[in-house]
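The annotation domain 'Major facilitator superfamily (MFS) profile' is assigned in TrEMBL to 58-474. What TrEMBL lists as transmembrane segment is 25-47, 142-160, 166-188, 200-224, 230-248, 337-359, 366-387, 393-410, 449-469.
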Amino acid sequence: MCASIADYETATSFLGEWGRFQQRIFFFLCLSFIPNGLTALSAVFLVDTPAHRCLLPAHLNLSAAGLLPGVDVNLSTVPTEGCLDGWQFDHSVYTSTVVTEWNLVCNASWKKPFTSSIYFGGVLAGSFVSGQLSDRLFGRKIVMFGTIGLQVVTTLIQIFSSNWIMFVVLYFLLGVEQISNYLVAFVLGTEILGSWVRTLFSTAGVSLFFAVGYMLLPLLAFFMRDWRQLQVGFMLAGCLSLPLFWFIPESPRWLLSQGRIEEAEVIIQNAAKINNIEPPAVIFRPLKVRTEETKAHNIFDLLRSPNIRWLSVTMWNTMTISYYALSLNTANLHGNPFFNCFLSAVVELPAYSLSWLMFRWCSRRLSLCSLLFAGGLFIFIIQLVPAPITFEMMGKFFVSTVFAILYAYTAELYPTVLRTTAVGACSTASRIGSLFAPYFIYLRTYSVSLLYILVGSLTALTGLLSLLLPESFGMPLPDTISQMQSFPG
């Protein structure tokens, strides 16, 4: 005997939609996304390459010796060699970056995109592991705050990195921890909050607070030009999230899916007390339920059908390639890198506001199709206009809007017993795209247009394919696999 979770929303409807309890959960969970916005795109400044040239010893410098190249010395007869004495970097923008710390230039320049890819490799691993740990073992709350604590510790250790290998290993772990607390906090809010507030949280709420952290990144980097000092700022931001542990409860939906009825009822009773509402004597009635609701589920339950494969490989990979390629490319745009990054973050504020409006009132399929196609079009024509930064920001606007909708849409499609695993699995598969995003930017060394042609075409094509997805607008949140919609495509 265990509680049925099929009528969870009916059983808890007496709480209302927007009482003090829901307001507290909404605000505190949103606050936890600010440190994620700070760290998710930290590579823009940590791994940036300042202007540099070979370091010349004084006795080999022609100008210091009073000689003029091409006049006193015939340079065509002088043999060339590598930078045997190291490099001299311009420190007018940064005091130090990972690139200047370990000379990731010339023959070692491949280490720069590889460093970013290592971080996204950690994000890939964390997307997979967090779902399994959250759905099957520890629940939402323990995984969320456990990974926040680990992120603080890992950042502290990374500050004392003695070589590049140590840095990238710790950067991988940071990717694991950052995406884990992001995904689990997202699912936790989706499951606790009611339908109207859930829509606001999963689109505008999460994304806007993430964008606030993203906006703080260039401001922090402007005042902390040394990469180790910047890491101290990231660590302190993570520490501010830890006290939220005492204000955010476990997901009652998840507790019910595990047969832990009494614990779920205690949480709902406390919520009623906070909202000044008298709860009923019995909230969740013990019922005989189908085997499907009580058995343990794992990611293989999703992979048996093509649904999760189609959604994750196509939609999510396109989004991560487009979003991260445009975001990480801000350091290469003309002008001040701090201002360009800040502008890229500011663009996300109206994008996430639009995502909430569209998710609240519009069809999921038509929203994804129109936004993706428009974003792809703007990205594609960047190469054809004289002032590309405007069109690049417009492309970023549409891609960011889709990214916010896609997280909420995926959470709508999959059931409570596998929701974190499903969102995590989509995020996991999509990280193949984020692994390659730094190399899309690396294509600039051959042709600046290649980045925009490939990303623009891929985004627009995926927009057309999104019409093959199921429609979840106005549908109840599924709790079991049998309640999932089929994918018409």
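Each residue, glycine too, has its Cβ placed from N, Cα and C.
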* For the domain 'Major facilitator superfamily (MFS) profile' (58-474), would you mind checking the mean pLDDT of the predicted model? => 81
* To do: Give the one range among 25-47, 230-248, 337-359, 449-469 whose Cβ atoms make the most pairs under 8 Å with those of the transmembrane segment (166-188).
  => 25-47
* Structure fact -> Listed stretches 25-47, 366-387, 449-469 vs the transmembrane segment (337-359), most Cβ pairs under 8 Å: range 25-47
* Asked: Apart from its near flanks, which chain residues at least 6 from the ends of the transmembrane segment (142-160) lie with a Cβ under 8 angstroms of it?
  -> 32, 35, 39, 126, 130, 133-134, 167, 170-171, 173-174, 176-178, 180-181, 184-185, 188, 228, 231-232, 234-235, 238-239, 241-242, 244-245, 248
* Positions on the same chain near the transmembrane segment (25-47), where near means CB under 8 A and six or more residues out -> 94, 97-99, 104, 112, 115-116, 119, 144, 148, 151, 174, 178, 181-182, 185, 188-189, 192-193, 197, 200-201, 205-206, 208-218, 220-221, 227, 230-231, 233-234, 237-238, 240-241, 244, 247-249, 324, 327-328, 330-331, 337, 341, 345, 438
